[in-house]
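A.B. asks: Can you keep this structure in mind? I'll have questions shortly.
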Amino acid sequence: MKKAPAGSFPAKPTIAPERPILVFDSGIGGLTVLREARVVMPDRRFVYIADDAGFPYGNWEEEALKRRIIELFGEFIANYDPEIAVIACNTASTLVLEDLRRAYPSVPFVGTVPAIKPAAERTSSGLVSVLATPGTVKRAYTRDLIQSFASRCHVRLVGVDGLAAIAEAHIRGESFDEALVMAQIAPCFIEKGGKRTDIVVLACTHYPFLVNVLRRLAPWPVDWLDPAEAIARRMKSLLPARSDDDEFHSQDDLAFFTSRKPDYAIRRLMQGFGLRF
């Protein structure tokens, strides 16, 4: 039997590069989902992508926006080879999620849709409002959710323009008109038959950044329902469990902006979230 040459050792197992979780939004709102995902999956690697060159999505014609997102994901998948992709944007999810699944069947996609089912389960008064972009409000998908899960509730859809942009200004530390915010959320608050709205669904991932402002401006206390935690749990459920023997190259979490020129405030924000450009 041949002896191994002196000084030789068994070959080390190959350490695979870690496939990241890709979190996508039109701007910085998806950071609310990333934050919860890191709590649920602290050992995973993330790439955060903001389509700031296309922001805000509410200004787009639907077919043009659909084509844009599908084409962008072709580049993202080729560049990052994600283990899973999260559409951390209600507008994009209700528009293009199924098309993305058909276009890229090898990648699991998780969408962000209005949290109407949990709202219907939690409400005591039966009066629920959904605060969203006009695009999310007008989609048949949103109405189907109401019909399927909240048919016994009175659900008011409130579509607002500009609140996502106000959230971006707020997170940058810029001033904004609180009277405008108050006017936009006012239709969410209904009094009917001696009962009041008790849940407002935040159906845009930007809005949780404003939640303290919303609480202060609201005419009475409500549960502002943020779906980020549920999205994070769904992501984890679709990923294979890791064992203690799994080894991966340690790599930084990344941020990519489609404009390729995020300003100083955004760069600071991304660094605060532990994201490298």
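The backbone N, Cα and C atoms fix where each Cβ goes, and this holds for glycine too.
Swiss-Prot lists D25, S26, Y57, G58, N90, T91, T205, H206 with the feature substrate binding site. Residues or ranges marked as active site, proton donor/acceptor in Swiss-Prot: C89, C204.
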A.B. asks: Pop the Cα-Cα gap between C204 (active site, proton donor/acceptor) and N90 (substrate binding site) into the table, whole Å please.
C.D. replies: 6
A.B. asks: Quick one: which of these recorded positions, Y57, G58, C89, T91, have their CA within 10 A of C204 (active site, proton donor/acceptor)?
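C.D. replies: So the list is C89, T91.
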A.B. asks: Let me make sure I understand the span of the substrate site: among D25, S26, Y57, G58, N90, T91, T205, H206, what is the greatest distance between any two Cα atoms, in Å?
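C.D. replies: Result: 14 Å between the two most distant Cα atoms.
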A.B. asks: Near D25 (substrate binding site), how many other Cβ atoms are within 10 Å of its Cβ?
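C.D. replies: That number is 30.
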A.B. asks: Report, in whole Å, the straight Cα-to-Cα distance of C89 (active site, proton donor/acceptor) from S26 (substrate binding site).
C.D. replies: 7
A.B. asks: Taking DSSP three-state, what's D25 (substrate binding site) in: helix, strand or coil?
C.D. replies: strand
